[in-house]
Amino acid sequence: MKRFSLLLALLSSLIFSPLLAYAETVDDNTVTIYVTRHGKTMFNTVHRVQGWADTPLTAAGVTVAEQLGKGLKDVEFKKVYASDLGRARQTARIILAAKGQQLDIVESEKLREFCFGIYEGDLDANMWGAIATKLGYESEKALFGDFAKGKLPFAKMFGGVALVDTSGEAETFATVKARMQSELKTIAEETAAQGGGNVLLVSHGAAILAMVADMSSTPIVGPLSNASVTQITYKNREFTVGKLGDMSYVEKGAKL
């Protein structure tokens with residue numbers, strides 16, 4: 001009986017040990033990406049179109065980025081990525097300083113906001129008014145009303161940008177989604193290959209929503225707040241998108 005028990009234990013070890021080792025390897029390679037929108041900028045404040053055009057963070061923008069950094073103080077980041085636009089890079093630096101972590105920031109043009117073509121720097125109302133007319137709405141208010149009710153898909157709404165741009169420079173929704181998802185996949189795969197870990201990614205509101213539009217079951221019915229976090233997990237070569245535009249880290253940091 002004793003010999004049988006020893007044999008059974010040996011067989012169990014041979015069968016299950018490799019499986020356990022594999023499971024541990026998979027878990028260790030999990031990548032958690034904290035995708036955040038930059039802090040509030042001057043153009044955000046004065047309601048002007050800001051895609052590839054760039055303005056610095058306002059005092060309020062700096063504050064909310066600092067609050068986010070403090071709220072993330074217990075999260076140890078392995079890597080930090082940011083759009084190569086100034087407002088995203090500035091936000092990334094502020095977050096790292098506020099949470100007391102020193103890391104190089106990897107800049108990527110693939111993480112940029114939409115290019116809005118001729119409307120860059122123009123009043124928001126002018127661009128959205130033109131898009132509303134193009135999509136058959138009586139007014140900008142009516143367009144945003146349907147968007148908030150889930151009657152106007154995000155892809156169709158922002159797809160209107162390229163339709164009304166007369167410069168030929170505005171990006172289509174498909175273009176932005178493709179470059180954002182491509183960069184997300186590259187970041188996730190490279191980090192997983194290096195053992196996994198937490199990643200901070202600083203980008204832009206519309207670009208982030210374009211990236212997750214077909215990755216999340218949550219309807220997109222409004223913009224992302226400045227410094228909000230959308231957590232994306234990469235495990236077993238699959239992405240899982242958490243809550244869109246989570247402000248709990250900012251709220252936590254504001255109390256510290």
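Cβ from N, Cα, C; glycine included.
The active site, tele-phosphohistidine intermediate feature in TrEMBL is assigned to His38. According to TrEMBL, the feature active site, proton donor/acceptor maps to Glu113. The feature substrate binding site is assigned by TrEMBL to Arg37, His38, Gly39, Lys40, Thr41, Met42, Phe43, Asn44, Arg87. According to TrEMBL, the feature signal peptide maps to 1-23.
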**Request:** Express the distance between the Cα positions of His38 (active site, tele-phosphohistidine intermediate) and Arg87 (substrate binding site) as a whole number of Å.
**Result:** 6
**Asked** About how far apart, in whole Å, are the alpha carbons (Cα) of Glu113 (active site, proton donor/acceptor) and Arg37 (substrate binding site)?
**Response** 10
**Message:** Please report the three-state DSSP label of Thr41 (substrate binding site).
**Reply:** strand
**Asked** By a simple count, how many Cβ atoms lie within 10 Å of the Cβ of Thr41 (substrate binding site), its own Cβ left out?
**Response** 23
**Prompt:** Neighbourhood of the substrate site (Arg37, His38, Gly39, Lys40, Thr41, Met42, Phe43, Asn44, Arg87): other residues with Cβ within 8 Å of the Cβ centroid, in order?
**Reply:** Thr45, Gln50, Thr55, Leu57, Thr58, Gly61, Asn226
**Asked** Using a 10 Å radius around each Cβ and counting other Cβ atoms from all shown chains, which of the recorded positions Arg37, His38, Arg87 yields the largest count?
**Response** His38
